[in-house]
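Swiss-Prot annotations:
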{"type": "TRANSMEM", "residues": "14-34", "note": "transmembrane segment"}
{"type": "TRANSMEM", "residues": "45-65", "note": "transmembrane segment"}
{"type": "TRANSMEM", "residues": "69-89", "note": "transmembrane segment"}
{"type": "TRANSMEM", "residues": "97-117", "note": "transmembrane segment"}
{"type": "TRANSMEM", "residues": "139-159", "note": "transmembrane segment"}
{"type": "TRANSMEM", "residues": "161-181", "note": "transmembrane segment"}
{"type": "TRANSMEM", "residues": "211-231", "note": "transmembrane segment"}
{"type": "TRANSMEM", "residues": "246-266", "note": "transmembrane segment"}
{"type": "TRANSMEM", "residues": "268-288", "note": "transmembrane segment"}
{"type": "TRANSMEM", "residues": "294-314", "note": "transmembrane segment"}
{"type": "TRANSMEM", "residues": "331-351", "note": "transmembrane segment"}
{"type": "TRANSMEM", "residues": "353-373", "note": "transmembrane segment"}
Amino acid sequence: MYKTKGGFQLTLQTLSLVVGFMAWSIIAPLMPFIKQDVNVTEGQISIILAIPVILGSVLRVPFGYLTNIVGAKWVFFTSFIVLLFPIFFLSQAQTPGMLMASGFFLGVGGAIFSVGVTSVPKYFPKEKVGLANGIYGMGNIGTAVSSFLAPPIAGIIGWQTTVRSYLIIIALFALIMFIFGDTQERKIKVPLMAQMKTLSKNYKLYYLSYWYFITFGAFVAFGIFLPNYLVNHFGIDKVDAGIRSGVFIALATFLRPIGGILGDKFNAVKVLMIDFVVMIIGAIILGISDHIALFTVGCLTISICAGIGNGLIFKLVPSYFLNEAGSANGIVSMMGGLGGFFPPLVITYVANLTGSSHLAFIFLAVFGCIALFTMRHLYQKEYGSLKNG
């Protein structure tokens, strides 16, 4: 695979996604350092952390569409050039407003996810698309890279200099993409409104968006809330909590290609149903766990299923939407990003209301059960009885 043009572009775009996600997630791990120099309230911090997540999700729709129009090379290149400005602005931030403005445009780093999932399938036969998109999705590990490396580096050279060091990485990848990006990528120029009209009538888009809202939403949400949750509810050391959270992120990320491989070899919808059954069991375990050991089992179960599920879903998207792949990828990935924004808020609200977060995890199980019904409906419409395929 890697001896081909497609293999080279897959490698280039995956590394670009790593860098984009590093920039997208830079504020959160550095916030303990930033708030020592910038006077911010807890409420302002929550807004500052949320802004990149929201914009990084919403921008995925136009980015996916633009990829089909001009090609991944120019969307990646332009995104990296744009990212230089908020990164530099962040390194100079002295007020909450400057942090918010920086975070707003850092969302570009998260939005580039839809570029690769739109471009990469063009280079591979249908039976390899799941694996290819799964490998590309491993670029999500950029979030973990910032989480693991940015704090210790900031402890040595300061958070401002740490942020400015990202300028070198981003500029380097802008240059690499300019030189090695594929100018011959196949373009699909279907008018946006025509695509949206077609997509709005296709129930599969709504199902896939809902499923990804759960799987990728769980991936993002657990990465956000786990460190504080482990410290507050189980009294775990902050460093240990960070390591455990990093394991969750890494496990889900590296299992994403496995989901793609399974989707290539077997019926992806059937495998996804099995995946969600196991995820529901994991959510129930979290909903009844009061001990760290049982909670860890539940978290690892969710991580495994989220990673495999992410890969399976992006095996299905290009299969169902050929001419509208860019917009469909953008919409589905947008919903996944938004899925990571709401769960931490729900967990906090439920904990404040009931004194326990158990009910919030049961909500995840309920959402999973609803997803199973939609999967059964799609499978029966597309393939007939579940006994077939």
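Heads up, the Cβ atoms here are built off N, Cα and C, so glycines get one too.
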With the greatest number of Cβ pairs under 8 Å to the transmembrane segment (331-351), the stretch among 14-34, 97-117, 211-231, 268-288 is 211-231
Outside the transmembrane segment (14-34), at least 6 residues beyond either end, the same-chain residues with a Cβ under 8 Å of its Cβ set are 40, 45, 48-49, 52, 56, 76, 79-80, 83, 87, 90, 93, 99, 102-103, 106-110, 112-113, 116, 135-143, 145-147, 150-151, 154-155, 158-159, 162-163, 166, 169-170, 173, 177, 224
Do the transmembrane segment (246-266) and the transmembrane segment (139-159) come close, with at least three CB pairs under 8 A (pairs 6 or more apart in sequence)? yes
Per the Cβ under 8 Å criterion, with at least 6 residues separating them from its ends, the transmembrane segment (139-159) contacts 13-26, 28-30, 32-34, 37, 113, 116, 165, 219, 223, 242, 245-246, 249-250, 252-254, 256
With the cut-off at Cβ under 8 Å and a gap of six or more residues from its ends, the chain residues touching the transmembrane segment (211-231) are 28, 49, 53, 140, 143, 147, 237-238, 240-242, 244-245, 248-249, 252, 272, 276, 279, 299, 302-303, 305-307, 309-310, 313, 332-333, 335-344, 347, 357, 364, 367-368, 371, 374-375
The answer for the transmembrane segment (353-373), taking Cβ pairs under 8 Å and residues 6+ beyond its ends, is 210-211, 214, 218, 229, 233, 273, 276-277, 279-280, 283-284, 286-288, 298, 302, 343, 346-347
